[in-house]
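Presented below is the structure to which this report refers.
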Amino acid sequence: MTEANRILLGVNIDHVATLRQARGTRYPDPVKAALDAEEAGADGITVHLREDRRHIQDRDVRVLADVLQTRMNFEMGVTDFMLGFAEQIRPAHVCLVPETRQELTTEGGLDVAGQEARIAAAVERLTLAGCEVSLFIDAEERQIEAAMRVGAPAIELHTGRYADAHTAEEAAQELSRIRDGVICGLNHGLIVNAGHGLHYHNAEAVAAIPGINELNIGHAIVAHALFVGFKQAVAEMKALIVAAAYRG
């Protein structure tokens with residue numbers, strides 16, 4: 001496999017913590033899940049420290065920062081607290097995401113175009129802390145161009161609408177939007193990642209898009225792990241997207 005069609009897998013372990021928080025126990029441990037994921041071939045570990053702390057906790061992030069052998073992709077809202085926290089932890093990668101307390105999960109991309117000054121200031125702070133910053137955005141030209149203007153070196157395209165498509169035609173349309181977004185991002189010199197709602201039956205089509213650097217996948221892996229074990233679930237997803245990227 002050449003660098004041109006190499007693809008990375010970021011494993012999101014948020015929902016291991018969701019299961020733990022459901023009963024307020026100390027198990028299952030998302031840190032152990034992260035280490036198992038690395039052993040199974042994950043190229044990075046993604047965690048989202050939400051304002052309401054519904055799954056990942058501050059301590060999880062601190063421990064992960066010390067023990068990960070790959071790299072952390074730290075998802076966070078654009079708040080003063082989170083910026084300060086990231087400056088302390090200094091994760092390798094930070095992905096800025098939109099966040100509201102009422103949402104079940106992240107519902108859409110960050111509106112970079114509508115708040116360029118605020119996002120640019122956050123990108124600058126995080127970059128000075130040694131973090132590579134990506135912006136979680138919809139596959140829209142105006143948002144991609146805004147991401148470039150604010151100084152982010154990378155974007156993560158929101159694949160939720162593709163994942164939630166009700167018909168094959170709708171899925172094809174959304175996949176086309178993602179493909180166009182990848183091309184646009186690459187043309188603007190950005191690293192292009194993608195994620196949200198991807199699983200074992202829909203990730204291949206996204207992985208096959210030329211130029212995709214990394215897919216971030218979590219819920220599907222955690223769910224599949226209930227039946228096959230965490231390492232096996234990660235290994236299967238890694239093999240699936242690598243094969244798709246090679247064919248694509």
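Cβ from N, Cα, C; glycine included.
Taken from Swiss-Prot, the feature 3-amino-2-oxopropyl phosphate binding site covers N12, R23, G197, G218, H219. As annotated by Swiss-Prot, 1-deoxy-D-xylulose 5-phosphate binding site applies to D14, H15, R50, H55, T105, with the evidence given as sequence analysis. Sequence annotations record features per position, and here Swiss-Prot assigns active site, proton acceptor to H48, E75. If you look up Swiss-Prot, you'll see E156 marked as site 'Transition state stabilizer'. Under the heading active site, proton donor, Swiss-Prot lists H196, citing sequence analysis as support.
Under the three-state DSSP scheme, H15 (1-deoxy-D-xylulose 5-phosphate binding site) falls in the helix class. Cβ neighbour count for H15 (1-deoxy-D-xylulose 5-phosphate binding site): 20 (other Cβ atoms within 10 Å of its Cβ, all protein chains included). Put simply, G218 (3-amino-2-oxopropyl phosphate binding site) is 15 Å from R50 (1-deoxy-D-xylulose 5-phosphate binding site) when counted between their Cα atoms.
Cβ crowding, taken as the number of other Cβ atoms within 10 Å, peaks at G218 among the binding-site residues G197, G218.
Taking the Cα of H219 (3-amino-2-oxopropyl phosphate binding site) as the reference point, the closest of the recorded positions D14, H48, H55, E156 is D14.
Local packing around the recorded positions R50, H196 was summarised as the count of other Cβ atoms within 10 Å of each Cβ; on this measure the leading residue is H196. G218 (3-amino-2-oxopropyl phosphate binding site) and H55 (1-deoxy-D-xylulose 5-phosphate binding site) are 13 Å apart (CA-CA, integer value).
Take the CB of E75 (active site, proton acceptor) and look out to 10 A: across all protein chains shown you find 27 other CB atoms.
Here the candidates are the recorded positions R23, H48, H196, G197. The one whose C-alpha lies nearest to that of H15 (1-deoxy-D-xylulose 5-phosphate binding site) is H48. Per-site Cβ counts within 10 Å over the binding-site residues R23, H55, H219 peak at H55. Reported as a whole number, the C-alpha separation between G218 (3-amino-2-oxopropyl phosphate binding site) and H48 (active site, proton acceptor) equals 11 Å.
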